[in-house]
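Record features, source TrEMBL:
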DOMAIN    16-143  domain 'CMP/dCMP-type deaminase'
BINDING   N57, V58, E59, N60, A61, S62, Y63  substrate binding site
BINDING   C68, C102, C105  Zn(2+) binding site
ACT_SITE  E70  active site, proton donor
Amino acid sequence: MGILTLLHQITHAIRYNPKELVQKSQEAKEQAYCPYSKFRVGAAVLTSDGTVFTGCNVENASYPLGLCAERTAISKAVSEGYISFKAIAIASDLEDRFISPCGACRQFMREFGSQWDVYMSKSDGSYKLMTVEELLPSSFGPDDLRKGKNPVGNSKL
């Protein structure tokens, strides 16, 4: 067995249960700080090695400074050294439709790839699956900056 075959098997061996990821996002929602909108959101992001990071929305009296749950969860993961993701689940108190990430969160997720899963849920735990690519087609991402010289000089690109 070649090393590439072994790596492929290991990568695909890390399975996850979407319902468990949605449940973790629902639990994260309970921590939401939303005294202005009263709109609670939670997120749970799954890294490529199976680690899960959760986050909730955090509002601010200066409205534009608030943080969405998705960006909170992803930022927690990145701050711990993770930049490769398999999936994210998002939860809210919406009963009649699936919670969808805002445009800023879609672009934030796109920074880390376009082919990972996004589970948008309802309050009852049911969910709709889409990929980042489906949520943000024809997107701009890190590869677009690699095509030319990087004027910023960021070593992570």
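From the backbone N, Cα and C atoms, a Cβ is placed for every residue, glycine too.
The binding-site residues shown are N57, E59, S62; of these, the one with its CA atom nearest the CA of C105 (Zn(2+) binding site) is N57. Among the binding-site residues listed here, namely N57, E59, A61, N57 has its C-alpha nearest to that of C68 (Zn(2+) binding site). Distance between Cα atoms for S62 (substrate binding site) and C102 (Zn(2+) binding site): 18 Å, as a whole number. The substrate site is set by N57, V58, E59, N60, A61, S62, Y63; from the centre of their CB atoms, other residues of the chain with a CB within 8 Å are Y33, Y36, L65, G66, L67. Each residue in A69, E70, R71, P101, G103, A104, R106, F108 lies on the same chain as C68, C102, C105 and has a C-beta within 8 Å of the C-beta centroid of that Zn(2+) site, without being one of the site residues. Within the same chain, the residues at least 6 positions away from A61 (substrate binding site) whose Cβ sits under 8 Å from its Cβ are Y36, listed in sequence order. Counting in whole angstrom, V58 (substrate binding site) lies 15 from C102 (Zn(2+) binding site) by their C-alpha atoms. A straight line from the CA of Y63 (substrate binding site) to the CA of C102 (Zn(2+) binding site) spans 15 Å.
Taking DSSP states H, G and I as helix and E and B as strand, the domain 'CMP/dCMP-type deaminase' (16-143) has 40 helix, 33 strand, 55 coil. Neighbour counts of Cβ atoms within 10 Å were taken for the binding-site residues N57, N60, S62; the minimum is at S62. All protein chains included, Y63 (substrate binding site) registers 9 other Cβ atoms within 10 Å of its own Cβ.
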